[in-house]
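Sequence annotations record features per position, and here Swiss-Prot assigns ATP binding site to Gly609, Pro610, Asn611, Met612, Ser613, Gly614, Lys615, Ser616.
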Amino acid sequence: MPQKTKNTPMMEQYLSIKAQYKDAFLFYRLGDFYELFYEDAINAAQILELTLTSRNRNADDPIPMCGVPYHAAQGYIDTLIEQGYKVAICEQVEDPKTTKGMVKREVVQLVTPGTVMNSKGLEAKDNNYLTAVLTDGNQFGFAYVDLSTGELKTAVLADEEGVLNEASALQTKEMVLGSGIPESLKENLSLRLNIIFSTQETVEENAEFSFLTNELINPLEIEITGKLLSYLSVTQKRSLSHIQKAVEYQPDHFLKMDHYSKFNLELSQSIRTGQKKGTLLWLLDETKTAMGGRLLKQWLDRPLIQERQIKARQEMVQSLLNAYFERLDLQAALTNVYDLERLAGRVAFGSVNGRDLIQLRTSLEQVPTIRQLIVGINQGEWDDLLVDLNPVEDLVALIATAINEEAPLQITEGKVIKDGYNDQLDEYRDAMRNGKQWLAELEAKERQETGIKNLKIGYNRVFGYFIEITKSNLANLEEGKYERKQTLANAERFITPELKELERLILEAEEKSVELEYQLFLAVREQVKTNIDRLQTLAKTISAVDVLQSFATISERYQYVRPTLRSNTKNLAIVEGRHPVVEKVLGHQEYIPNSIRMNPETDILLITGPNMSGKSTYMRQLALTVVMAQIGCFVPAESAEMPIFDQIFTRIGASDDLIAGQSTFMVEMMEANQALRHATPNSLILFDELGRGTATYDGMALAQAIIEYIHREVQAKTLFSTHYHELTVLDETLKGLKNIHVGAVEKDGEVVFLHKMMEGPADKSYGIHVAKIAGLPSPLLERAATILSALEAEETTIPISVHHEEVSEVHEETEQLSLFKEVSTEELSVIDTLKKMNLLEMTPLDALNMLHQLQKRI
C-alpha cells in the first residue's frame, strides 16, 4: 500500500475511515458512485463481477479500484451480505455545492448478515436473527434480536449444547461474542451453521437501552442484552425505537428438541434438499401473511407444554373449523395485510417510503373486518386475543389524506404528498402547472412573431430553458432578437429575459415544492412512528390469527382430529394415525394408517420388520403428531390421546456428520447420549436401528444395554426399531417392553410389505428381497440365499443377560450363538469376559471401549 505522504487528501480520508472498518467492504461515496479501493476493490470485483480498474494508473503504484452506481448499490450490497460479508456505507454528509475543500464523509451504517433491513435482502417468512453470547464460566448468557421486526429475547443457558441448540433453531447468521467463549463452542457453531462472529467490547450507557432491559433480573441476561443493543447502535447509527422490551424466555418452558432431533424430524428443513418443501412446516403453512409464516415457524420450534395454553389454541382452531364461510372471509382479509412487523421497523429505522405507507394503510384497513369476523365466532375463546385486535383509524386517516396512491419509491423527487394536504404545496404545484402553460403560450407567441413554425422551447439541467431554432430557419430570425446561448450541429439555442423570468418562477416553485414535500413526508413518518407500539401489538395479534386459521384449513383439508392431551397421564393411544407429510406427498394414493398404543405400564415398543417396510416412517409419524398436538394443531388420526411430552430425542437415519469428521456410529452414540443423559419419564425417545454403525456383536450389546437402561433408569416412552431380532426375547424379562413388527407376506416367491404394524416380533428380515427390489444381479441374490440357508441351519440363540432386580439370575447354561464349528481358547476367554460384564453399570462409551479391547483379542 502506498505511503500516506503520497496520498491525496481524499485518499487520506478514505484510509482513515477504512482503518475503522477493517472487516468490512467500504462503499465510499464519490458523486453518483460508491467506490472501493485496494483489497476491497480486488475482492469485490471478483465476487460482484465488476471491472477492476486503477486510480493513478500511470503511477508506479496505481491503486486498484472499482465502483457501482449509488442507485443500483443495494443489489450489490445484498450479494455481499448473502455471502457472509459486512458492508460499511460511507456517505457525503456535506453538500459539495456549498463546501469548500474536502467534502466530509462518514459511515452512516454498517450492514452485516444479522442486521439486514432491506426487504429484498430478507426472506418474507423467515426471521433474520442476530444473536449474542457470553459466559461467566458456569452458565451462558444468550440473547437474540430481529432488527427488521424488533423482537428481542434473552435467556440463561446451562451449557455449550444449549447454545448450539438455540443458535441452530434460530438459524443465526451472525453472533456477537462476549467474554470467555470457549474455542470448542466457536468451532461447533462454525461447523453447524453458516455463521460469522462479531465482537462488542463495551456496553453503552443509554437511557433507551436501560428501558428495554429494566424488567430483566439476571446479571448475565442484562449484560448480554446490553452488548447486543450496543452492537446494533454502533453498526446502525440511528434510532432503534422499534426494538421491543427484552423478554426473558426459558427453553424448559417449551417442548425441547435438540439440533439432531429437529434435523431428523425435518420440521422446517428437508434432510435431502435443505429446503422447506417436504417438511412439517411446508405442510402446515397456509398462512396468508409473511409475519404469520414467521410465527408458525417459531411455534414449531417451541411447542407448548402447558395444558391450558394448548387447549386455548385448540379452542380457537375448533371455532374456525366450525365457521367455514367466516374463515374464507378472514383469509381474504388477511391476504390484503402486508408485513406490518417489518413496515413498523422501517418506519422507526427511517427507511420507509411512500409505497410502504400505502401498504401500511391497506393493511390497517383490514383490521375492522378481521375483528368483526372474530367477534362473530367468539364464544369466549378469543377474548384475550381480541383485547389487542383494535383498529388504528387515526393512522389510516392520516395516510389516506397525506400520501399519494401512486407514490414513487424515492421520497426526495416529489409526487409523494397528495394535492389538498398542504396549502403552500398546492400553491407551488399551481405555479408549476401554470408555468408549463406559460411556456406553451410563449412558444406559440414566438412562433407567431418569427414565422418559424418549428421553433420550440426546451430544457436541460445545464442551460435551463431555451429557444431552439434549426439552422435552416436562422435566416428568418431578426438579428438581435434573442441572446445566443449554444450552438449545435443543426440548430442554435437562445434565451430571452422573459424566458429567464419564467424559468426562475418555475424552477423556484419546483425546488421549493420538492423540499416542502420531503419535509411533509418526514412529518407524516414521525406521526406514524409514535404509533410503533400499537402497530407491533397489532402485528403479533394478526399473526396469531393467521397461524390459527392455517391450522383450521389444514385440519379440514386432511380430516385431522382434535387430540386429547393431559399432563397427568402416561397413556398414549393414537388410532389409525398417519404421517402428515407422507400423506400429502402421496396425494390421491391410499395411505395405510397405523395405530400406536402404549398404556401407562408400557414404556418401550421394540419394532422389528423388513427394511423399507415403514419402521422409520412410523416413528417419525408419532413425533410429528406430538409436535402438531403441542403447538395447538389437530392431528392426522381417527382419535388421539396422549401425554404432554417435555422433550423429544431422536436417532433416525444414517446422517453421517462427515464435515465434522464423525462417523455414523459416533453420531449414533452422541445422539443416544443426549437422550440417556437428559430424558425424563415425560420424554419421548425414538431410536431407529441403533448400533448398526459398528460390528454386529458390538451393536447388539450396546442396543440391549441401552434398552435396559431406558427401561430401568429413564422410563420414557420409547420406540426402538432394530434389525437385531435376537433382542425380541427381552419382553420376557422387561415388563415395560412390548414387541411389534411391520407385517409382510410371501406370495409366489415374492414379498409384499403390508406397511401395517402388528403385535409380536417379526419372524424374518427379508433383506434379500429388498436387495432384489433394489435390482441386484440374480446370481448374486441366489448366492446370498444359499449362504443365508447355511447360516440359519447353524444358528442358535444369543445370550440375553438382563441385570435387573425383578429378573432372576440367568443360568450359566444359556445357549450362545456360534458362527464357527470350533471355538478357540482365546475366543472362549473373550466370551467368559463378556458374560461377567455388568453392562447396566457401564456407560455406552465404556461398553464400546471394552468391546473394542475384546475385539482385538479375537
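Positions of Cβ are set from backbone N, Cα and C atoms, glycine also.
Fair warning: this is a prediction, and the values are worked out from it, not measured in the lab.
Each of the binding-site residues Asn611, Ser613, Ser616 was scored by the number of other CB atoms within 10 Å of its CB, and the largest score is that of Ser613. Other residues of the same chain near the ATP site, with their Cβ within 8 Å of the Cβ centroid of Gly609, Pro610, Asn611, Met612, Ser613, Gly614, Lys615, Ser616, are Val742, Phe753. Cβ neighbours within 10 Å of Met612 (ATP binding site), excluding its own Cβ and spanning all shown chains: 16. Between the binding-site residues Gly609, Pro610, Gly614, Gly609 has the most other Cβ atoms inside 10 Å of its own Cβ, all protein chains included.
Residues near Lys615 (ATP binding site) in space but far in sequence (CB under 8 A, at least 6 apart, same chain), listed by position: Ile607, Gly609, Asp688, Ser721, Val742.
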